[in-house]
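Engineer: This is the feature table in TrEMBL:
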type     : residues                                                                                : note
BINDING  : Asp44, Ala45, Glu46, Tyr47, Asp48, Ser93, Ile94, Glu130, Arg153, Glu189, Lys307, Lys331 : NAD(+) binding site
ACT_SITE : Lys132                                                                                  : active site, N6-AMP-lysine intermediate
BINDING  : Cys430, Cys433, Cys454                                                                  : Zn(2+) binding site
DOMAIN   : 614-695                                                                                 : domain 'BRCT'
Amino acid sequence: MSQPSLFDAPSQAQDPASRAAWLRAQLHHHAHRYYVLDDPEIPDAEYDRLFQELQALEATHPELLTPDSPTQRVLGKVLDGFQPVRHAVPMLSIRTETDTEPTGAANFDARVRRELRLTEADPPIEYQAELKFDGLAINLRYERGVLVQAATRGDGEVGEDVTQNIRTINQIPLRLNGAAPEVLEVRGEVYMRRDAFDRLNERQRELGDKTFVNPRNAAAGAVRQLDPGIAAKRPLSFFAYGWGEVVGWPDQPPTQAGVLDALEAFGLPVSHERAVVLGAEGLIDFHRRIGERRDQLPFDIDGVVYKVNRLDLQKQLGFVTREPRWAVAHKYPAQEQMTKVLDIDIQVGRTGKLTPVAKLAPVFVGGVTVTNATLHNEDETRRKDVRIGDTVIVRRAGDVIPEVVAVVADRRPADAGEPFDLYQRLRGACPVCGSAITREDGEADWRCSGGLYCAAQRKQALLHFAQRRAMDIEGLGDKLVEQLVDGGLIRTLPDLYKLGVAKLAALDRMADKSAQNLVEALEKSKQTTLPRFLFGLGIRHVGEATAKDLARHFGSLDRIMDARVEELLEVNDVGPVVAQSIRTFFDQPHNREVVEQLRAAGVHWPEGEGTASDAPRPLLGKTLVLTGTLPTLSRDEAKEMIEAAGGKVAGSVSKKTHYVVAGAEAGSKLAKAEELGVPVLDEAGLKALLAQGEV
Ligand SMILES: NC(=O)c1ccc[n+]([C@@H]2O[C@H](COP(=O)([O-])OP(=O)(O)OC[C@H]3O[C@@H](n4cnc5c(N)ncnc54)[C@H](O)[C@@H]3O)[C@@H](O)[C@H]2O)c1
Ligand SMILES: [Zn+2]
């Protein structure tokens, strides 16, 4: 049904009464999404703007104030399925001081001094400054030191009984240490660490499930989950920052800081990022210090909280409607904001992965101006249904790249783009090199298949080609590859073999001697083997073992390049996905050109007939384990011979091992073989086995 829409909001020029009514309806709707459903539709910053507008309107037009106004009470509600819990002491909200200006702290300090009738002659007030954790407020009730109940805030008066779910949080003690009061209600925040949240979303993405907008939401959803089994799987954490009902605690400390220390001594997690400071200056300094480190904290905070430290003064100051007078929240720039999607680009990563990226109208979020945000992959873009022209929520928290977390559905313009279709958008071709793009069954990502040629994949291709197990080009590491590619010395792989000592020696931090060595290593690498070369090409799914199988089966590169999928499938261990990947790779004209240029540059290897049809493979299907030192064969030679005969070499002995080949100083593997009754051979025995087929 039609709900008030932000999109056709009555203009602010309208009369204050209808504006106020409209704002109340908006706030009620969004509070329900947020507090009850744990599924907000707009960012907090937007909610706060509406809230502040209503507050201002009610201040100038007191006759518009209604008792049910969101400014007058906390808007949570008990979800069906949970037992309601009446709080012994109401759970309130905290007043938010003007967004990010340091003057917020000065206003608060001045107000407190006025309320306490202090003059300039009086000393500065002592405050406890804390982090404002972005999670879900929980009341933990301990009776005689035992956790008997955990409840959400709800509407502040009545919350939900979530004891079962809270018990699954390891950080929350089920029994307090030491001499606990008769009744102690501990208040604090259940939250999810950012790394845990990222892992959770990563897993959701892999499963093709809906991702969570932010850690607060994921944590709130987990706590308010009717199935404790699901709640237990979400990694939640907890920080205590306050208390509710207290009975029988004669030595309760007289300050906020003292009580938090005591809670910690009882075994509750209390953040150490807190300080007792003096006056407005101390608060401003704390706000600044934490602000500088906000991105490095392992969890989200949306601000800091200032509290009068002395409890007798807190009592004297008391409460107004939904907030205490002795505390205030001072926020940082929001980590989520709304903005418009101007376009959707597709970026090619260094391994060829294609990532859709939203181009955004510039927006200030998490302390920086953001113009790009990742959409992760095609399925996720479709699940969120992000289209060009949409208004979206962008999140930037910590050092991670900004991401689009949701579309603001009722702000979609009539001329918004089509549902996202990556293949169509690129017309099937990599935006960098024009090679075909592919997406395999069961994989989330599209990829460019021009691995050897694609500029985006140049560095990766070089490193892969040069590695020890491939072309073994000594001295061609990460840093040098960066320099060579960024400096324009290498555009495609074959350029490697055009590098001369003079060109190399001109590079930063490259001594003549190392340039000379590299040129020699390059020259040496030209003489290689077909398996090494094949592996070095970086064909997706073609690892060392598959490269060896292919080389053995076909004998020559040309035969592999021209093999049909059915022919590739005849190779040991090559399935449909691998066969298709090889076929697609060699179907790209650019990849073939690179291969030709490498051969023209002098890269060569011995070729043979291949074993495609009739060569004997006496060890086909057999698994062998090598241990100790053989008299004449090196470990690599033995392995090569076994594989050539169709066998596999495994690293450890199990019941599935067919033979163990033991040399001098064989250790635990030999013992294991004897224990399991696996036949043990020496070098001569191995050779005899290999010779079996050669009749
Ligand atoms: N996006 C939306 O649609 C939407 C809707 C409703 C509310 N909201 C957001 O919810 C927030 C308003 O919530 P609120 O009025 O319930 O209060 P609040 O979150 O602004 O402040 C009170 C809460 O702060 C938390 N807190 C964290 N650290 C604390 C500390 N050290 N000491 C004391 N309390 C601490 C507690 O959970 C407490 O309940 C705003 O940020 C608002 O944007 C968003
Ligand atoms: Zn490409």
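The backbone N, Cα and C atoms fix where each Cβ goes, glycine too.
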Engineer: Neighbour count first, Cβ atoms within 10 Å, every protein chain included; then name which of Ile94, Cys430, Cys433 tops the list of binding-site residues.
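Structural biologist: The residue with the most neighbouring Cβ atoms within 10 Å is Cys430.
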Engineer: Near Glu46 (NAD(+) binding site), which residues of its chain come within a Cβ-Cβ distance under 8 Å, counting only those 6 or more away in sequence?
Structural biologist: Gln337, Met338
Engineer: Where the criterion is a Cβ under 6 Å from an atom of ligand 1, which of the binding-site residues Glu46, Lys307, Cys430, Cys433, Cys454 meet it?
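Structural biologist: Passing the 6 Å Cβ check against ligand 1: none.
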Engineer: Take every residue in the domain 'BRCT' (614-695), average their pLDDT values, and give the whole-number result.
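Structural biologist: Reported value for the domain 'BRCT' (614-695) is a mean pLDDT of 86.
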Engineer: Compute the C-alpha separation of Lys132 (active site, N6-AMP-lysine intermediate) from Ile94 (NAD(+) binding site), stating it in Å without decimals.
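Structural biologist: For Lys132 (active site, N6-AMP-lysine intermediate) versus Ile94 (NAD(+) binding site), the Cα atoms are 10 Å apart.
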Engineer: Nearest by CA distance to Cys454 (Zn(2+) binding site): which of the binding-site residues is it, out of Asp44, Asp48, Ile94, Arg153, Lys307?
Structural biologist: Asp44
Engineer: Highest Cβ count within 10 Å among the binding-site residues Asp44, Asp48: which residue is it?
Structural biologist: Asp44
Engineer: Measuring Cα to Cα across Asp44, Ala45, Glu46, Tyr47, Asp48, Ser93, Ile94, Glu130, Arg153, Glu189, Lys307, Lys331, which the record gives as the NAD(+) binders, how far apart are the two most distant ones in Å?
Structural biologist: 26
Engineer: What number of additional C-beta atoms lies within 10 angstroms of the C-beta atom of the residue listed as 'active site, N6-AMP-lysine intermediate'?
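Structural biologist: Result for the residue listed as 'active site, N6-AMP-lysine intermediate': 21 other Cβ atoms within 10 Å.
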Engineer: Could you check which of the binding-site residues (Asp44, Asp48, Ile94, Arg153, Lys307) sits closest to Cys433 (Zn(2+) binding site), going Cα to Cα?
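Structural biologist: Smallest Cα separation from Cys433 (Zn(2+) binding site) among Asp44, Asp48, Ile94, Arg153, Lys307: Asp44.
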Engineer: Between Asp44 (NAD(+) binding site) and Cys430 (Zn(2+) binding site), how many Å separate their Cα atoms?
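Structural biologist: Cα to Cα, Asp44 (NAD(+) binding site) and Cys430 (Zn(2+) binding site) are separated by 38 Å.
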